[in-house]
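In TrEMBL this protein carries:
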DOMAIN    20-241  domain 'GH16'
TRANSMEM  31-50  transmembrane segment
ACT_SITE  Glu127  active site, nucleophile
ACT_SITE  Glu131  active site, proton donor
CARBOHYD  Asn135  N-linked glycosylation site
REGION    261-282  region 'Disordered'
COMPBIAS  261-278  compositional bias 'Low complexity'
Amino acid sequence: MSQTQINTSATYNLKEETSPKWKTKMVSHTLLVMSLILFLGLNTFLVAHANYLNQNIDITWGDGRGNFQNNGTLLNLTLDQSSGSGFQSKAEYLYGKVDMQIKLVPGNSAGTVTTFYLKSQGLTWDEIDFEFLGNVSGDPYILHTNVYTQGKGDREQQFYLWFDPTAEFHNYSILWNPSHIVFYVDGKPIREFKNLEAMGVAYPKSQPMRMYGSLWNADDWATRGGLVKTNWSEGPFVASFMNYNSENACVWSTDNGTTTTTPCSPGDSSSSSSTSTSEWFSQRGMDSSSRKVLKWVQKKFMVYNYCKDKKRFWQGLPVECDAKKNNKNKNKNKNKNIKS
């Protein structure tokens, strides 16, 4: 091959490599490679960070009606005419923040109740409840909340939700620390129960609780006070749970038969995330923005508040219901004593 031929060939190759068509091919190839790298990296990330419910939760009843799916990242509970089903956390907690994503029973769910709650053992138990009361198709679910202390409840607050809880998963959280209990829906506070022991109101502080979830039939009371019964022809009913998070919870443990009775404190290594623990454990109340959201939710979506039910508590509302009024009266009396 002559020098002229070589130069001509080289010139031709150079033109080909710098042509717009060649550049487009190179860009497409590069984008394809980058997409593959991103895809593989994302899948690796998802596998590494997958929330395996079966590592933290035991299905405890239902005779096979509760089952893990998707390699343990999804838990379905089923209810039929014979039985419902339920689960509990492997660990017990003394204070914590726990989260669960739930998709509720779709369609005609009247008579059914789906739950997510914390509860201790014994006759004088403590309990913090999320209960979702099913309804006929087209009517909204009612979110029923309650707080039990030393076996006593009767502190119901109920809400409509501002979305369809059956269409996709939504996040429900309980924050429980020495100062208050806060219920959250998708990060929005909907209810606060303060520690008012100074006023004689019992507060959960010494009994460790497990996390529980269940789907069961309660058509004697759940929908319109029991007027609407479960339509079993619509079953079996299914509620789904995923992404349980208890990283910001203080695990109650025993060592060689000795129970650890000291609750975790800010930065304590008993929580897997000491920084996060410090944030929720030290929280004494909600900030102004959170309180605005709380007021908005309660104004727009609350459908029952035990603190407003004077017919039920005709002998007088529970002490915590008049906490603000009582504190104002105390301050007035203090000021009077100071002046006199």
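Heads up, residue numbers simply count up from 1 along the chain you see.
Glycine is treated like the rest: Cβ placed from N, Cα and C.
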Using a Cβ-Cβ cut-off under 8 angstroms and a sequence gap of six or more, which residues of the chain neighbour the residue listed as 'active site, nucleophile'?
Tyr117, Leu118, Lys119, Ser120, Asn146, Val147, Tyr148, Gly153, Met209
If one looks at the chain holding the residue listed as 'active site, proton donor', which residues at least 6 apart in sequence have a CB under 8 angstroms from its CB?
Val113, Thr114, Thr115, Tyr117, Leu143, His144, Thr145, Asn146
Would you count the other CB atoms within 10 A of the CB of Asn135 (N-linked glycosylation site), including those on all shown protein chains?
19
